[in-house]
Amino acid sequence: MQQHAALADIGVIGLGVMGKNLALNIVDNGYRVAAFDLDQAKVEAAVSQAATEVPGRAQVLVGCNNITELLASLSKPRLLLLSVPAGSPVDGVCDALLQAGIEADDIVIDTGNSLWTDTVARERHYQGKLVFFSSAVSGGEVGARFGPSLMPSGSEAAWQRLAPIWRAIAAKVDPQTGLPLVRLEPGNPVREGEPCAAYIGPAGAGHYVKMVHNGIEYADMQLICEAYQLLSQVLGLSATEVADIFQRWNQGKLNSYLMEISAEVLRQQDPLSGKPLVEMILDKAGQKGTGLWTAVSSLQVGCPAPTIAEAVYARALSNQKPLRQTLATRLKGAELMGQVEAEAFIADLEQALYCAKICCYTQGFQLMAMHAKEQGWTLDFRAIASIWRAGCIIRATFLQSIMSAFEAEPQLSNLLLDERFASALNQSQQAWRRLVSGAVLAGVPAPCITSALAYYDGYRCETLPANLLQGQRDYFGAHSFERTDTPAGEKYHLNWSSPKRELVKL
Ligand code: 6PG
């Protein structure tokens, strides 16, 4: 291990993919980092990468043998970035820091995908012992290295201390165009543009917002996968042909990081078989839980987010491969479809995807708004859209329009109320319907594209059949109902079991 020349500005604990790359990014931006991992090989790898990537900066990333040494190498009050798996490892490291003598004004930043309620509990639990702060990070390995999207929350004083480093390492956006400014060069970070780092709110708010980001991510990924299945199975296109279409779409309103990488994945050949790699990847989707948490939260809050929930179910269904293999031989599919006009189908699919994408982001933003209200948080939705324009996994040109919508109406409760989005949906809804009908007639499942259309149609209905539902509830459970012709909140019950069926005002 090297001797410490000067005290470091920030300590990094956990040098897995994210921790190491965040450390290197911080170093690129002129800060000194002290780093520790239980696995000393990872410490050595990070130190040597920092030194070799940019010659002459051997002292900027210092490896430490243990937590005591790490604490001793940091200037006070200390800043410590945790990059460890969510859950008990976070508490394990905090407890180890307490034992090693961390002080009450030292700041510990959890950058993992922690459950937001755990973050709230931790902030309380460690009060007076250390300042527990959190900053969700999006962008994967490359994002961490060259510019992630950062969602910090907790003590405002801690944020003041951390902000210069966070703004420096964050992804940057051209303020004129809203497009990411990207340079993937070690030692030469992007310094111009607007940083994708904004203080989100009190403890837990950042992790909640990142959780919703991931819920949207699940839905957006599933939408693209549904397009792939439709193009393959309805039109019989090859993986490369689908990649060509995705690449073309990526030049238009569907431009996004996820569309771009999907085209790349589809184009990749398998080094072993020579076939498209995607055809050799087993069709069972994994998950770490953030999308599921988003769906659960939407149910708890009472915010309709069917497209996000369907994306979680789609992963669950994909995992039941043996059952699917059995049922594939037993359950009938659609009768042979008539001739499908390929160009028209592709054009409808592009419109349908855009509409469904609008609905899935709408669900995510509405969920954040409803949850924030419950928690008493004041979220800046314009800022959230703005820091998702670069660095994060759901970055997309279309976030610039979401930002503009919140610029015009900061507390807009639902994006469908925005004139731009309403008119985009109005223009494309007929194509969306044709596409959904086509998918249903072909027997190809498209749960997210379809559920988004039901969501759209649900909001279009001034009257829903919930009147009958309330009647049913009142019939068997005397749950009462409100009337359309009396003041809101006034409850009535019909005496269903009595022969006269009297109406009672409660
Ligand atoms: C990001 C990603 C990242 C990770 C998620 C999703 O924003 O950088 O969301 O956090 O990819 O954990 O993982 P799963 O698909 O495994 O749930």
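Each Cβ is built from the backbone N, Cα and C atoms, and glycine gets one as well.
As written in TrEMBL, here are the features:
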type	residues	note
BINDING	Asn113, Ser138, Gly139, Gly140, His213, Asn214, Tyr218, Lys288, Arg315, Arg473, His479	substrate binding site
DOMAIN	206-497	domain '6-phosphogluconate dehydrogenase C-terminal'
ACT_SITE	Lys210	active site, proton acceptor
ACT_SITE	Glu217	active site, proton donor
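Annotated features taken from TrEMBL, shown on the structure.
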residue	record	DSSP class
Asn113	substrate binding site	coil
Gly139	substrate binding site	coil
Lys210	active site, proton acceptor	helix
Glu217	active site, proton donor	helix
Arg315	substrate binding site	helix
His479	substrate binding site	coil
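Regional average pLDDT for the domain '6-phosphogluconate dehydrogenase C-terminal' (206-497) in the model is 97. The Cα of Glu217 (active site, proton donor) lies closest to that of Lys210, out of the recorded positions Asn113, Lys210, His479.
Here the binding residues for substrate are Asn113, Ser138, Gly139, Gly140, His213, Asn214, Tyr218, Lys288, Arg315, Arg473, His479. Their largest Cα to Cα distance works out to 49 Å.
The recorded positions near ligand 1, defined by a Cβ under 6 Å from one of its atoms, are Gly139, Glu217, chosen from Gly139, Lys210, Glu217, Tyr218, Arg315, His479.
Among the binding-site residues Asn113, Gly139, Arg315, His479, the ones whose Cα sits within 10 Å of the Cα of Lys210 (active site, proton acceptor) are Asn113, in sequence order. It is His479, among the recorded positions Lys210, His213, Arg315, His479, whose Cβ has the fewest other Cβ atoms within 10 Å in the structure shown. Counting every protein chain shown, the Cβ of Tyr218 (substrate binding site) has 27 other Cβ atoms within 10 Å. Of all Cβ atoms in the shown protein chains, 23 besides its own fall within 10 Å of the Cβ of the residue listed as 'active site, proton donor'.
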